[in-house]
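K.L.:
Following this message is one structure expressed as structure tokens.
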Amino acid sequence: MSFSPNRGPYPNSRPRRLRASEFSRRLVRENRLTSDDLILPLFVIEGRGETQQVASMPGVERMTVDLLTAKARELVKLGIPAVALFPVVDAAHKSDDARAAYAVDGLAQRAVRALKDAAPELGVITDVALDPFTSHGQDGLMNEQGYIVNDDTVEVLVQQALSHAQAGADVVAPSDMMDGRIGAIRTALEREGHVNTQIMSYAAKYASSYYGPFRDAVGSAGNLKGANKFSYQMDPANSDEALHECALDLAEGADMIMVKPGMPYLDVVRRVKDELKVPTFAYQVSGEYAMHCAAFANGWLNREAVILESLLAFKRAGADGVLTYFAEEAAKLLQD
Ligand SMILES: NCc1[nH]cc(CCC(=O)O)c1CC(=O)O
Ligand SMILES: [Mg+2]
């Protein structure tokens, strides 16, 4: 059948005109995803030459420090600016006071040193929170009533952040949601001379059910025993509160803001960027990764196209970058 491209007096405005050719689609494209936007989370384990698969996160593997350093050099070649480090410690290093969190020779601290040694140009972001180190899997210290106490936890977080900075971390990223920890950490870093150690604050971190696979990956799911984190992570129903949290952390000295989870919270990313105008990042969390992978494995979604579309959506929402388990794959896709 042949149709006339132009049948009548309508319409004068044809938005499709600019979409008709690749040259003009490129000219009017508003947002771009590049490898500069990507941060890769890495799970580190004790030992040598060993990797472990994470069952609920197909394609993600935990690895020993020696393998981490080889990976770091590949990531630099791919143009990925930074990694976020998550230690997976065994039960022997978990305690009620989480003292392993700030051990000078702890797993995270050793991994930071090795990474900065192997690939100094790769930014290293460390997670400041106690959940890998507490016997109960909560992000802070627990009192007799089962409540996660704020101020005593902050004192431990300060020790943890300092130990990361001393190991050479470029960015410390408190993900615990205690009140006042950014100010306390900033003061301690300044006092100890770490004036250029950056703070990326998980200021808008929600009590989300999308974190399940991560808790498997770091082995905090089993001991959390169905308990929730509602007394410190934010209610998914709220967004004004996210702005309040972000404003407080910025006033206390945060350099960058993280919104977490990602895709279900893009409205929060947009509001933070519009109203606070600071470097804003989002975390495409483990549950988002897992559900994408499940659909890919079933042939329900096109893997490469959906990975890139899901990440571009963060840019469109105003994010300056995305912490994503797809970072390495996306950087490779963007290369060709
Ligand atoms: N400090 C806790 C922490 N660090 C990273 C994640 C989740 C990351 C992901 O799901 O990918 C969480 C959430 C939680 O267990 O409450
Ligand atoms: Mg807060």
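Note that Cβ sites are derived from N, Cα and C of the backbone, with glycine treated the same way.
Heads up, here are the entries from TrEMBL:
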| type | residues | note |
| --- | --- | --- |
| ACT_SITE | Lys205 | active site, schiff-base intermediate with substrate |
| BINDING | Glu245 | Mg(2+) binding site |
| ACT_SITE | Lys260 | active site, schiff-base intermediate with substrate |
K.L.:
I need the CA-to-CA distance for Lys205 (active site, schiff-base intermediate with substrate) versus Lys260 (active site, schiff-base intermediate with substrate), whole Å please.
P.N.:
5
K.L.:
How many Å separate the Cα atoms of Lys260 (active site, schiff-base intermediate with substrate) and the residue listed as 'Mg(2+) binding site'?
P.N.:
13
K.L.:
Around ligand 2, within a Cβ distance of under 6 Å, which of the recorded positions Lys205, Glu245, Lys260 show up?
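P.N.:
Listed by sequence, the hits are Glu245.
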K.L.:
Long-range neighbours only, meaning 6 or more apart in sequence with Cβ under 8 Å: which ones does the residue listed as 'Mg(2+) binding site' have?
P.N.:
Ala203, Ala204, Met234
K.L.:
Translate the DSSP assignment of Lys205 (active site, schiff-base intermediate with substrate) into the three-state scheme.
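P.N.:
Reduced to three states, the DSSP call for Lys205 (active site, schiff-base intermediate with substrate) is strand.
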K.L.:
In DSSP terms, helix, strand or coil for Lys260 (active site, schiff-base intermediate with substrate)?
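P.N.:
It is in a strand.
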